[in-house]
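Colleague: So TrEMBL lists these for the protein:
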type	residues	note
TRANSMEM	B:25-43	transmembrane segment
TRANSMEM	B:55-74	transmembrane segment
TRANSMEM	B:80-99	transmembrane segment
TRANSMEM	B:111-133	transmembrane segment
TRANSMEM	B:139-158	transmembrane segment
TRANSMEM	B:178-198	transmembrane segment
TRANSMEM	B:235-259	transmembrane segment
TRANSMEM	B:280-299	transmembrane segment
TRANSMEM	B:311-327	transmembrane segment
TRANSMEM	B:360-376	transmembrane segment
Ligand SMILES: Nc1ncnc2c1ncn2[C@@H]1O[C@H](COP(=O)(O)OP(=O)(O)O)[C@@H](O)[C@H]1O
Ligand SMILES: [Mg+2]
């Protein structure tokens with residue numbers, strides 16, 4: 001097996017007395033979709049914020065291509081190739097697709113002039129590569145659908161050099177059809193072969209559709225991990241429920257029913 | 001299974017649809033209506049030689065500060081201190097010209113008075129900006145505080161240094177200072193010369209009489225010579241400021257940052273836009289506009305008083321809104337603000353050309369058009385953001 005692009009060893013993150021992450025290990029490989037699953041409050045967002053340089057780890061080490069790194073700011077992380085697409089996508093609705101695509105990293109010539117035609121072309125081409133042919137990049141983002149916005153944010157992260165693309169619940173706020181659109185986009189990015197995707201989701205079906213590797217978090221710890229081949233369907237479901245069997249859950253519910 | 005995609009659902013707009021939907025379109029139409037109505041109601045007098053000069057004077061005054069206010073509003077903040085900043089800058093320049101530079105540094109040249117004042121006003125702008133971005137307080141309340149503070153400082157300084165709240169009868173620095181001249185002198189004399197020359201040819205050929213507005217009327221003094229021979233220098237500054245602001249907003253990285261900051265500052269920040277620096281810079285820009293306004297006033301009339309610039313911040317904001325700037329930030333156009341300044345300026349002056357009307361109708365009109373503009377702008381915003 002190739003070396004992982006990103007590796008995390010024994011990552012601990014405490015907020016005061018509260019341990020949000022209690023020693024997490026993670027390996028992500030280029031050309032793979034790595035699903036990060038877990039209940040609300042499991043620590044998924046804390047983990048990716050640490051990877052994205054928003055939080056500094058309390059203990060543990062992050063490695064990029066085998067070399068230990070330390071991210072002091074989101075800028076550090078993004079120059080190390082970590083591209084994070086947050087749930088709110090960091091898009092500006094009133095601005096055009098192109099202006100959003102290049103926000104903060106505009107292509108300019110003398111006097112700070114924008115190279116608008118070139119930027120329009122790039123925005124169009126990059127989005128087309130991963131699935132949407134958005135004919136008019138001067139259109140405001142507010143007029144785009146949720147799935148299209150997701151694609152824009154992903155295309156932007158890739159264009160600006162993301163080698164690890166972190167997607168925080170990219171499908172959760174979308175309708176059925178758009179969810180499939182985003183999954184397709186993820187597969188196209190995966191097929192490039194040079195980018196690792198960390199896919200955070202609640203949705204077991206979505207994760208099974210696209211993921212090559214799984215990590216399950218519960219209460220700040222990894223309760224299970226493995227590749228698609230090594231994990232059985234039932235095992236995934238059990239881990240999704242935080243390690244409990246569905247049968248156990250049914251028994252617990254019966255107890256509550258009996259109390260009435 | 002059809003192979004239609006999301007993107008197909010977005011209707012392609014024609015050039016005409018696109019033009020009609022531009023943010024400055026409403027302001028443009030209102031401006032045209034006002035120009036036509038005023039020409040008709042004043043029998044052309046509003047646009048004879050003197051009328052045009054007077055109209056442009058007020059349009060340029062409004063325009064200079066409205067451009068500053070609009071740029072700041074696009075970045076999501078307000079500045080209510082503009083009027084008091086004008087008063088402060090006027091006071092500062094007039095007192096220095098009359099009583100000399102502070103700390104016994106000797107007599108003040110117009111250049112020294114202007115630069116020393118600009119340093120102070122830019123510093124105030126910087127302080128206001130820093131307070132706003134660091135405290136996270138609403139700029140409305142922070143700049144309201146500076147509205148009172150600066151006006152108070154202006155009056156106190158007048159009384160302490162000058163014993164009176166006005167300075168008048170300064171020498172006419174325009175005579176031998178180019179600095180005074182570029183702020184208080186006259187520009188574009190060739191325009192009036194050409195107009196006069198053409199008019200005279202018409203008269204020579206027997207067409208029209210000298211009292212007709214489009215030939216020589218309004219531009220002859222008692223001795224039958226050309227009377228108006230240029231616009232106020234502020235017209236030049238207005239054009240320059242508008243051109244530079246338009247270029248920056250539409251075509252540069254800084255412009256993109258300003259729009260991004262006003263739209264959703266967290267999104268902008270996440271993408272590396274220096275949101276705080278953009279805002280502080282724009283508070284300094286409104287202070288600069290106020291100083292420019294004051295410099296033109298002081299060097300044109302060689303006077304100043306403690307009430308200068310009163311209420312101007314509200315006119316600036318009103319004009320920015322009439323020009324299509326969104327109160328919530330992230331959207332607006334400098335060209336629209338120019339149209340707004342022309343509209344409001346013309347109506348403010350209308351009473352001079354149509355003496356039958358009561359001058360107070362101006363405020364009735366401004367109130368009505370402001371309300372209409374707010375609703376129109378909100379519709380545009382809803383259309384773009386899909387009604388959220
Ligand atoms: N900045 C913070 N300060 C204190 N506690 C936090 C902070 N961020 C997250 N937490 C806590 O850490 C736990 C994990 O949160 P999070 O990573 O957001 O979970 P998930 O994304 O898996 O739902 C939660 O109990 C949350 O309250
Ligand atoms: Mg979360």
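A Cβ is built for glycine as well, from the same backbone N, Cα and C atoms used for every other residue.
Note that the coordinates shown come from a computational prediction; the quantities given were computed from them, not determined experimentally.
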Colleague: At a threshold of under 8 Å on Cβ distances, which of B:139-158, B:178-198, B:311-327, B:360-376 pairs most often with the transmembrane segment (B:55-74)?
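Modeller: Stretch with the highest Cβ contact count: B:311-327.
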Colleague: Check for me, if you would, whether the transmembrane segment (B:311-327) reaches the transmembrane segment (B:235-259) - at least 3 Cβ pairs under 8 Å, residues 6 or more apart in sequence.
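Modeller: With fewer than 3 qualifying Cβ pairs, these stretches do not touch.
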Colleague: Taking B:111-133, B:139-158, B:178-198, B:280-299, B:360-376 as candidates, which has the most Cβ pairs under 8 Å with the transmembrane segment (B:80-99)?
Modeller: B:139-158
Colleague: Any contact between the transmembrane segment (B:280-299) and the transmembrane segment (B:178-198)? By contact I mean 3+ C-beta pairs closer than 8 Å, pairs at least 6 apart along the chain.
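Modeller: Taking Cβ pairs at least 6 residues apart, the transmembrane segment (B:178-198) and the transmembrane segment (B:280-299) are in contact, with 3 or more under 8 Å.
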Colleague: Report, as numbers and ranges, every residue of the chain located at least six residues beyond the transmembrane segment (B:111-133) whose Cβ falls under 8 Å of a Cβ in that stretch; write 'none' if there are none.
Modeller: 77, 79, 81, 85, 88-89, 92-93, 96-97, 101-102, 139, 142-143, 146, 150, 177, 179, 183, 275-276, 279-288, 290-291, 294-295
